[in-house]
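Asks: My questions will all concern the structure given below.
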Amino acid sequence: MPQSFRIPRFGVFLLLIVVFGWGLSWAVIKYALEQMPPLLLRGVAGTLGGALMLLLVRLQGGRLVVVRALWGQLAWLTAFNMIGWNVLSTYGVMYLPSGRAALLAYTMPLWCVPLSVWLLRERLNARRVLAVALGVAGVAVLMGPAAAALGNAPLGVLLMVLAALSWAWGIVLLKLWSPPLPALVLTGWTLLLGALPMLAASLVVDGLPTAWPGPGAMAAVAFNALVTFMLCYWAWNRLVMLVPVAVSSLSSLVTPLIGVLSGAVFLGEQPGWAEATAALLILGAVGVINLRRR
């Protein structure tokens, strides 16, 4: 593994899709949860997203068949990247402000980097240690003003940290196995395989909906299906396969900044000096991990 790696232009394009799409999604999820149970929201959106993505593959003349040898890998990737991450994070955001929930979710690089060193033999050089330190410092500064309040929602904190750990395992396993499937097919199947159990579980846990969600909630479902799931998961899977795990995971730290800003714009959550300081630290981490040595 080279000492340094600079994310290519196509990778930057994928990263922009991810950070803005997922960054905005936290406020959208928080809004939708006022009218829909968590499992129903994720189950409906994921089912729609997965089905539409596989339909898109067929319309392009692609094949949906997955060889038997890959189904085990798909099952594990679905368990970590879809079910574990989405269920834990969606319940976690119920107990926390959307921006702060996004921050806890993006402790993911803390797990990703050591896992990538262990399983992928990626090198833990000084550049990556510095990038992790800057990124963690940025998240800590963002969390600082609300750290005391987190003690009032320990379940929310626990759920978000477990969600981050689940996501980290999914990222590293995706990179380790690199299933020989087109990104659209891989994303479509993992979305569908993860969402259908969540949809079924919602009927058991929450029962049938007693009222039809309002237009705002339906718009939130559409956003989750088309942007959060279809577009962003496709872009993220491509990015993970394109660059080292340390680069993709640390670069994604820009996402909670968008999450905090979207919470301020749409939910009235007020950012301040901490957000500005954290932005500099996180952007510094992204710059360090992507700076090519001359």
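Every residue gets a Cβ built from N, Cα and C, even glycine.
The domain 'EamA' feature in TrEMBL is assigned to 10-143, 155-290. Residues annotated as transmembrane segment in TrEMBL: 12-33, 39-57, 69-88, 100-120, 129-149, 155-174, 181-205, 217-236, 243-267, 273-291.
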Asks: Counting CB pairs under 8 Å, which listed stretch among 12-33, 100-120, 155-174, 181-205, 243-267 touches the transmembrane segment (39-57) the most?
Replies: 181-205
Asks: Please figure out which one of 12-33, 181-205, 243-267 racks up the most CB pairs under 8 Å against the transmembrane segment (155-174).
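Replies: Per the Cβ under 8 Å count, 243-267.
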Asks: DSSP on the domain 'EamA' (10-143): how many residues come out helix, how many strand, how many coil?
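Replies: Once the DSSP states are binned, the domain 'EamA' (10-143) shows 111 helix, 0 strand, 23 coil.
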Asks: Under 8 Å, at least three CB pairs between the transmembrane segment (181-205) and the transmembrane segment (12-33) (pairs 6 or more apart)?
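Replies: They are not in contact.
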Asks: Which listed range (12-33, 69-88, 243-267, 273-291) shows the maximal number of Cβ pairs under 8 Å with respect to the transmembrane segment (217-236)?
Replies: 12-33
